[in-house]
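Q: Before I ask anything, let me first share the structure, which is written out below as structure tokens.
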Amino acid sequence: MAAAHRLVIVRHGESAWNQENRFCGWFDADLSEKGLEEAKRGAQAIKEAGMKFDVCYTSVLKRAIKTLWTIMEGTDQMWLPVIRTWRLNERHYGGLTGLNKAETAEKHGEEQVKIWRRSFDIPPPPMDKDHPYHKIISESRRYKGLKPGELPTCESLKDTIARALPFWNEVIVPEIKAGKNVIIAAHGNSLRGIVKHLEAQCKFGEARHEMDRSTSLSSTGVAVILGSAIMSI
């Protein structure tokens, strides 16, 4: 009988910019008080389920990192190795970064904003060099090691999936196949890309279990992927 494998994916808790209804993307917004409480509830759900992990993955953005820290503290697993990577970052919202979503809809029209937000392969306008958050993001030390052309100025969901999947396939998948229990604390769109890939590769619907009533990609909604089906990835 094939061994069972476990992958837990957690979206970060509400950020301060989520609270203000602003496009966040690669801006390093912190968790709001509500977001911290959401992370604590996620930790409690994992603790009550008795889940133990071997390795943890997250992005290089503090809202995801702090969500993971809170879960590890709440489950007494802070000693575990944590791997951070820009490839698990949220989708880069380009020129929309920092803008209020309602005000952006008034300016550009709800239909256009809906296309930018929901289309699979249409990115928002790129972030120009004179954008107020361009320097903060593009010159951050966390991206110093990126190769020319890797640092985006905007991304569609398709682009987000394309830069997340190499890390998934080359780093995370081998750990899962080695029998390790893995937790990923990241962002709605990078996690959505992994879920979309899994849906195409295995009987994901049969292998997935929701630990609470929230959807898997809501703030700190916890989704657990179980079973030997994951070996087909």
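Every residue, even glycine, has its Cβ placed from backbone N, Cα and C.
Note that the structure is a prediction, hence the values are computed from the model and not measured.
Grabbed the feature section from TrEMBL, which reads as follows:
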type: BINDING; residues: 11-18, Arg63, 90-93, Lys101, 117-118, 188-189; note: substrate binding site
type: ACT_SITE; residues: His12; note: active site, tele-phosphohistidine intermediate
type: ACT_SITE; residues: Glu90; note: active site, proton donor/acceptor
type: SITE; residues: His187; note: site 'Transition state stabilizer'
Q: How many whole Å apart are the CA atoms of Arg11 (substrate binding site) and His187 (site 'Transition state stabilizer')?
A: 5
Q: Report, in whole Å, the straight Cα-to-Cα distance of His187 (site 'Transition state stabilizer') from Tyr93 (substrate binding site).
A: 13
Q: In sequence order, what residues of the same chain, 6+ apart, have a Cβ less than 8 Å from the Cβ of His187 (site 'Transition state stabilizer')?
A: Arg11, His12, Ser59, Leu61, Ala64, Leu88, Asn89, Glu90, Arg91
Q: Work out the three-state DSSP category of Tyr93 (substrate binding site).
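A: Looking at the DSSP assignment, Tyr93 (substrate binding site) belongs to neither helix nor strand, so coil.
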Q: Among the binding-site residues Arg11, Arg118, point out the residue whose Cβ has the most other Cβ atoms within 10 Å, with all shown protein chains included in the count.
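A: The most densely surrounded of these binding-site residues is Arg11.
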Q: Counting other Cβ atoms within 10 Å, pick out the least crowded of the binding-site residues Glu14, Glu90.
A: Glu14
Q: What residues, ordered by sequence, lie under 8 A Cβ-to-Cβ from Trp17 (substrate binding site) and sit at least six positions away in the same chain?
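A: Once residues fewer than 6 apart are set aside, Trp17 (substrate binding site) is near Phe23, Cys24, Phe27, Ala29, Gly98.
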Q: Secondary structure at Arg118 (substrate binding site) (DSSP, helix/strand/coil)?
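A: Helix, per DSSP.
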